[in-house]
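Q: Straight from TrEMBL, here's the annotation block:
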BINDING   HIS195  heme b binding site
DISULFID  CYS39-CYS117  disulfide bond
DISULFID  CYS72-CYS77  disulfide bond
DISULFID  CYS123-CYS323  disulfide bond
DISULFID  CYS202-CYS234  disulfide bond
DOMAIN    29-327  domain 'Plant heme peroxidase family profile'
SITE      ARG66  site 'Transition state stabilizer'
Amino acid sequence: MSSDRTQTLLVCLIVLSFSSLVAGSYETGLRDDYYKYSCPTAEAVIKKVLTDFFALNIGAPSGFIRLAFHDCHVEGCDASVLLDGPNTEKTAEVNHFLQVRALNLIDKAKAELEAVCPGVVSCADIIAYAARDSVVAVNGSSYNVEGGRKDGRVSIASHAQSQLPTGDMTVTALTASFKSKGLTRDQMVILSGSHSFAAGHCPNLVRRLYNFRGTGKTDPSIPPSYAAQLKALCPKATSNETTIFTLDPVDPFTFDSGYYKTLQQHEGVFTSDQSLYDDKRTRPLVNQLTNNPLFQKKFGEAMRAMGRVGVKTDRNGEIRKHCRHVNSKSH
């Protein structure tokens, strides 16, 4: 093969490789600095609304990562989780513990953006930027967020109930759930690291403590001393929805790799957490992610991937005037 032909083939391979990397973003219309010209202050406005609130509420940032995940995993990243109404996603039992204050802050950010750039910034993008800013607020590493999502018009409670992962899932079930959204098993493990500054509630834990897999007993993988601590927080007959416990007891108000270290110590709160270490398929990655710089890098990459799930375009989406209502119902 001649040197000229070899060089031509190499150039073609480089071009094809680059194209495959960026195709996903361009197909959906997403890009970094999306509002650079249409609304230059968009990210700054969102950040200020959140930062002012975070300064007075140390635990508030965790609600925005959860909000982003619960949005993207049902109907795609289209702010469908924000829509009000009977039988919408936010009415589903699985969304019962979404923070009301997080929803209200999204409303506040949207109102301020409508005042300076009416009809430009989607609610779906606000959720994505807010998730990133919440990570930074608790000492996590920043990452670039693509913009350009449109807001969806469909929100159904039963879809949220059936599609969102639950705390008693195994690695196999979690992998299938994420795969259905175009995400890999590794990305599932990495995104689970958001539990580094997340909180849990008793109703989601009682089954593991008192009736694991229908046995009427405690999950045997929980160390007895740790099980006793959890049972003290959540008695068997509890209907307590106000008690909140951290999923990373090492440093619950810092976004770091401490979550994975708790899994190594067999102190993952939910089955879905602890299974990441107990399963031989995912344990090597859990061990790697105890390295905080590596975790921070991988988490930003995984969030960007999640942010591309089910993105709406002008054809099947809109820029809502108010995040709680589709435009046809807001006039």
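Using N, Cα and C of the backbone, Cβ positions are placed for all residues, glycine too.
Describe the structural surroundings of these features, if you would.
A: Other Cβ atoms within 10 Å of the Cβ of HIS195 (heme b binding site), summed over all protein chains shown, number 26.
Around CYS39 (disulfide bond), a 10 Å sphere centred on its CB holds 19 further CB atoms from the protein chains shown.
The Cβ of CYS77 (disulfide bond) has 31 other Cβ atoms within 10 Å, all protein chains considered.
Annotation for CYS123 (disulfide bond): spatial neighbours ALA79, LEU82, ILE106, LYS110, ASP151, ARG320, CYS323, criterion Cβ-Cβ under 8 Å with sequence separation of six or more.
Per-residue pLDDT, averaged over the domain 'Plant heme peroxidase family profile' (29-327), rounds to 91.
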Q: Compare the C-alpha of CYS39 (disulfide bond) with the C-alpha of each of the disulfide-bonded residues CYS72, CYS77, CYS234, and give the closest one.
A: CYS77
Q: Among the disulfide-bonded residues CYS72, CYS117, CYS202, CYS234, CYS323, which residue has the largest number of other Cβ atoms within 10 Å of its own Cβ?
A: CYS72
Q: Quick one: of the recorded positions ARG66, CYS72, CYS77, CYS117, which has its CA closest to the CA of CYS234 (disulfide bond)?
A: ARG66
